[in-house]
Ligand code: G16
């Protein structure tokens, strides 16, 4: 067993996006592609000699190959220890939990999240820093810069490690500790929520369906929901993680979690349904005939936080990504706490959480979490809802409607135009940019534009500035349209258009009727059909 130094040449495209480096599996399987990026991570951080790294992924195709490569590179580069999930499995929130609990140097998470997996699906790699959260932009920029000049990487020629057994083995001067992926995370959940109350809920016949979408949460949900909380066996469906997620798109929204939606809207629907994504950080909450929008979910959790043991002392503040609806803002006003608006990307919440400016945060893209870790957390959000239902005795529908009655309702929807030509997508954004100065005062039917701008964020903790984070059109009635390009796709570009309309009293309108006029305005102002070549969105959530 010895350390090899291998010559390499840089790849030009290793620029981490919204959440790490995401590419198709064939791109990752090019010789040295993974190795270059991993070495670029190690070369961009200092002080890890002898320290511990957390390593795991969502089990998608290429996970097991990449884990072995990274173990050998960590050993060759001088890490003292790697804590790796059994079979290479760790959900993203569990990885964040481990980094924080054991005070490790950082972690590497292998996932392309909600993107499909398999031989020609997507793969991804993300570096998390010592606070348990995604590396901030200054680190990801350094990794990218390094990847463009890298000339060699270090790797041990040790044989592959058996990751099927928990326990410790040695590689070079490094210890590899293979751990149960669920235990520490389950303990953390138990320390936050009222497990007795949720147990009584299930004991009383409450019916719940958890769709793990053949992704990483299956084993976590079986242990926590069925074994620890006593939900009947079979409550967790699609519970066995598969390398290709059973050919499905592991994205918990009403379109991709159709099986769950059909069940919940059918004659035999459960009292509550929930789904999680590929790596377990996203969640969707469903009641009988109602899917809770992620923006509403954040607002509702914030408004009711003191009912949960882990937040009984109140919350310090709330943050939401810019395109997320403004529902949480009104809760913050009522609670007299600050509400921060950040760019899309969980990494932007890290500083606010570390600085204790906020306790809860969330995004329209089905992500919600709190200061317990530094990632969004699917199972945490689901347990939060179960805990709320248990202590209030209300249904999902009642909780949502009661919230709207108190705070008003944000009618909200996102339209995605997927895999469009990258140049055309950039041209559409330029077209919008060129109009920004002249939009204020323009009238479209009953809507009048109040102002329009391009969102730029100054981090209130470290002062770093992130520009070009989406174009916003504000209307005089408080409605908004937001345009931005996704940073997580792997092919072409994806345009996201977000619609948010607030109504104080008229809370029971049909969603498409409520947003119809705004949708027409977006198409007209951005000339969407011309630039995308698409007459309608690929996906509406
Ligand atoms: C990632 C980020 C989220 C972001 C989402 C969508 O989630 O962590 O902060 O909201 O991507 O980003 P975009 O609109 O740029 O595609 P995940 O679950 O994919 O890691």
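Yeah, the Cβs are placed from backbone N, Cα and C, and that goes for glycine too.
Here is what TrEMBL records for this protein:
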- 1-18: compositional bias 'Polar residues' (COMPBIAS)
- 1-20: region 'Disordered' (REGION)
- 14-151: domain 'Alpha-D-phosphohexomutase alpha/beta/alpha' (DOMAIN)
- 184-286: domain 'Alpha-D-phosphohexomutase alpha/beta/alpha' (DOMAIN)
- 295-407: domain 'Alpha-D-phosphohexomutase alpha/beta/alpha' (DOMAIN)
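Secondary structure of the compositional bias 'Polar residues' (1-18) per DSSP, as helix, strand and coil residue counts: 0 helix, 6 strand, 12 coil. A mean pLDDT of 97 is what the model gives for the domain 'Alpha-D-phosphohexomutase alpha/beta/alpha' (184-286). Using DSSP to sort the residues of the domain 'Alpha-D-phosphohexomutase alpha/beta/alpha' (295-407) gives these counts of helix, strand and coil: 60 helix, 18 strand, 35 coil.
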